[in-house]
Amino acid sequence: MERGLLIDGKAIAAQIRQELKSETDRLIQNGVQPGLAVILVGRDSASETYVRGKVRACAEVGIHSEQIRMPEETSEDELLDQIRKLNRDSSIHGILVQLPLPEHISPNRVISEIDPDKDVDGFHPINAGRLATGLDSFLPCTPHGILQLLKRTGVQVAGKHAVVVGRSNIVGKPVSLLLQRENATVTMCHSRTEHLQAHTRQADILIAAVGKRHVITKDDVKPGAVVIDVGMNRNEQGKLAGDVDFEEVRPLASHITPVPGGVGPMTIAMLLYNTCLAAEASGDQNL
Ligand SMILES: Nc1nc(=O)c2c([nH]1)NC[C@@H]1CN(c3ccc(C(=O)N[C@@H](CCC(=O)O)C(=O)O)cc3)C=[N+]21
Ligand SMILES: [Mg+2]
């Protein structure tokens with residue numbers, strides 16, 4: 001049987017970072033160095049790893065980055081104050097508050113406090129609404145990264161049936177909107193979907209964004225499907241596993257993303273992209 005081609009997110013993300021390096025050089029020559037602030041509240045080892053990855057990627061591309069670490073006991077008001085300060089800081093074009101936040105802080109209140117023009121995650125309700133109504137907006141990084149993987153791999157999206165498993169605000173909902181915008185026919189499935197397999201087996205493009213290790217197995221996939229694995233599941237030892245049973249599904253798939261090395265690096269690349277976009281827009285306003 002034909003083996004599924006690997007969609008190499010690590011390599012495609014490296015290519016995008018290289019493109020963004022030129023963009024950053026150009027912006028710096030015009031007097032604006034893109035700047036990203038990453039706020040991390042509390043200590044969470046997975047979050048620490050991701051934030052390190054973001055900071056390293058910024059340095060590679062020439063984006064100024066600031067890490068703001070706040071203790072676990074930080075109050076919601078203190079965090080909101082920090083965000084307002086960054087909203088006013090003209091050297092910062094993008095603000096990211098690393099999720100999840102401690103239990104006593106409302107992520108919705110926090111995200112809503114970020115200036116929508118600095119919301120490089122694309123999580124602010126203004127940006128979510130702009131995306132849903134077809135206006136220009138910051139695109140959420142993981143969904144945008146998935147679209148870039150499909151585009152740069154030459155996968156045809158228009159007219160195809162995409163099945164999205166998962167309905168989160170961060171991945172499932174926005175990726176379904178982006179796929180529709182690219183003229184796919186989209187089915188959304190979730191934890192309460194009956195006969196899930198009957199849906200996933202119809203997919204020309206299957207997006208697994210469930211958050212459970214290896215829930216998608218070979219019986220869930222139509223032969224020749226393109227399989228995108230958004231899962232980032234860590235076991236007790238911290239080892240990463242996707243939502244897709246990669247070894248089992250790969251032989252059936254036409255293309256498949258690995259975990260790690262698939263969607264994850266693209267999420268960071270698109271964050272850098274949004275930060276450059278924000279810096280560019282700020283420059284326009286200052287002309
Ligand atoms: N406000 C906010 N924005 C986010 O974008 C955000 C967040 N909060 N909270 C956590 C999730 C998770 N996330 C990842 C980014 C990169 C990788 C990544 O680069 N993964 C590598 C592996 C990294 C490793 O080995 O741990 C890979 O898949 O190859 C993974 C996960 C962004 N998130
Ligand atoms: Mg503004």
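Placement of Cβ uses the backbone N, Cα and C atoms for every residue, glycine included.
Model, not experiment: these values are computed from the prediction.
Across the domain 'Tetrahydrofolate dehydrogenase/cyclohydrolase catalytic' (7-121), mean pLDDT in this model comes to 97. Among the features that TrEMBL reports, domain 'Tetrahydrofolate dehydrogenase/cyclohydrolase catalytic' is placed at 7-121.
According to TrEMBL, the feature domain 'Tetrahydrofolate dehydrogenase/cyclohydrolase NAD(P)-binding' maps to 140-281.
Look at TrEMBL and you will find G166, R167, S168 tagged as NADP(+) binding site. Long-range Cβ proximity for G166 (NADP(+) binding site), meaning a same-chain Cβ under 8 A and a gap of 6 or more residues, is found for G172, C189, H190, I207, A208, A209, V210, G211, V230.
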Number of helical, extended and coil residues in the domain 'Tetrahydrofolate dehydrogenase/cyclohydrolase NAD(P)-binding' (140-281), per DSSP: 54 helix, 26 strand, 62 coil
Any further residue of that chain within 8 Å (Cβ to the Cβ centroid of G166, R167, S168) of the recorded NADP(+) site: V164, V165, N169, I170, V171, G172, K173, M188, H190, A209, V210
